[in-house]
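Quick look at what TrEMBL lists:
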BINDING   A:28, A:29, A:30, A:31, A:32, A:33, A:34, A:35  ATP binding site
DOMAIN    A:7-293  domain 'UvrD-like helicase ATP-binding'
DOMAIN    A:294-575  domain 'UvrD-like helicase C-terminal'
DNA sequence: GACCTTTTAGTTTTT
DNA sequence: CTAAAAGGTC
């Protein structure tokens, strides 16, 4: 086999690809081609070393990255062997493995995966059952505490015994968190459910306590590759250590300068520890950047140099010098939005950029609003990432809850959600009684329902319960013979959900109905798509579907190639690149965020975040900040971010930065009187002028596409001798002239003989449907 | 037990 | 400011 794929690599990249066995760590600077190295390396292992795809595990940071990686490998190999690779995120790969090994741990194989909402709800339940004050023990705080413990592989027992942890909890006056943690873990297990962190913890426990499973997966995954290694946490580290112990063919790729997930337990320690735990680690540095201009790279380097204790490396590039980084100050957050939208419009016209070339990146999701509004005003299509995901919508969660109960009746969270939705006469009093009985007898809520007759409910209540149980059971029996889609469809009908939503004729009701239809479509697509990305025989069951959707993020579903401006947090932009980037909201308290300025570590992570946003840009970078900004409806004054001062003046163009005479005419720092008077940002007014707010997203679709107004007709002067032809025998492919639209080609003929309609592609005015009974066309040939 | 009104808490980042 | 929770009424 030819090895053409090696030709496009530089020396270090090639070395990383050719290294076959033994641990290797690739320190890859931003834009240095790490994905290329990973994909080429896998392709090389497969084609040159004849490593079976089934024996390779590649862990990525998003599902989308996993999919892309497979596609790129397939392209290099020129065959479909890559389909058998095990590629995915830590969470989705482990979920898949746990699904087949769950019985060892006492979980049903169709265990539910709890998202953060579910998990917090369980925490809340537990807190209430323990009669603790939920004003003090806020579910949010408690959950985060538990999550941190889990990511550090600290179980409930260890948590309770650890002196320092207990000190912390005592100091914050919440000594009972250890007990809550224990009760929470117990409850999740009883519910047959794992939260996100459990997917790691349980995987670890499986490998740790079940030697057969350990042996099986150690020898299955002869080669392990991990992307974005700087963002792995101790739980992930230990799992990889176990999995990789047999062969030590572990390849990690990361950049300590881009570590931005410490709030999720990620630690750069994993990079340092790697070299200690594995023998003879080969270390390769990729320092040449292929993405950005010299100016951008210089600025990035200068900024990150303010952090202590970096792995020494110097990012450089052969690319052109490029333009200076532009710094812009505006009076308010709304004007910041306006400036960015205006600039995008201007750049599109002046430099022939498309919408897809732009990204607006910010620190917090709440900042998106001003940009959405101004883009909509300008009629610029955009896609917003983050925010409420499709599967987090109420109507979707309701529907999914039914499916969850059918697949796993132990799932109490789902059961509570649907037991009286739609209203069927099982109200709060009854539910409380059910829960009490379940707890007293140490059985699940579902088991109480099944035996409701013995519990002494009123006749009406008992009937309602029995009807409910019968319905769920009939759906369960359907699972034996029907596919996931048919069952879901049946549920929607049986439970009266679809009909109920259908009868709601409000705009929101209509949207909800469509969302449920969309969910059904997605289930259908799932059941009918032959092979999954998982390298195992595709599991098309409902349980498999449910587990999968919980782990989807909207980045996984949205089309990155859509011609839209992309809006997202800097965290979500990791690994992406754009020709033109707007780094927005560079203000003290916001970026660096007020929550993260208390320790040097926190501040350095904010700086790495700034480094990440700078290095997303290929050609042009704007940095914007606002003097004032609304927070909780309150006007806040903000200082410019300290990070701005870390950029050397020589790389900055401050001509738009506002302040003083240099800003004359720019208009953004003051805002026009017109804007101030009508209060730019009043969404009601914007709506009157510019149409309704963006449709609630179906995830695959851009957040906003400007309404199609009748495109302006480019006037065509008909020839002086224009005489309409007889078009009764007009055929597709013929060239015609229209008096107004000009010259064009007939694409197809439709309509009846009495009312023929031609679809014509006009050179100047695009595709039009022409009714031949009315329009006059001259046939050219 | 359902429905309406009032109050209050929240914004850091996410699998 | 806004979404969710609590509280009060029929």
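For all residues, glycine too, the Cβ spot is worked out from N, Cα and C.
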Cβ within 8 Å of the ATP site centroid (A:28, A:29, A:30, A:31, A:32, A:33, A:34, A:35 excluded): which residues?
A:255, A:286, A:289, A:290, A:291
Residue A:30 (ATP binding site) has how many other Cβ neighbours within 10 Å of its own Cβ?
25
How would DSSP class residue A:33 (ATP binding site) in three states?
coil
For residue A:32 (ATP binding site), what residues in its own chain, 6 or more apart in sequence, show a Cβ-Cβ distance under 8 Å?
A:286, A:287, A:288, A:289, A:290, A:315
Binding-site residues compared (A:29, A:33) - the one with the fewest other Cβ atoms within 10 Å:
A:33
Tell me, how many other CB atoms lie within 10 A of the CB of residue A:35 (ATP binding site), whichever protein chain they belong to?
17
Proximal but sequence-remote residues of the same chain as residue A:31 (ATP binding site) (Cβ under 8 Å, at least 6 apart):
A:289, A:290, A:291, A:292, A:317, A:577, A:615
State which of the following binding-site residues has the fewest other Cβ atoms within 10 Å around its Cβ: A:28, A:34.
A:34
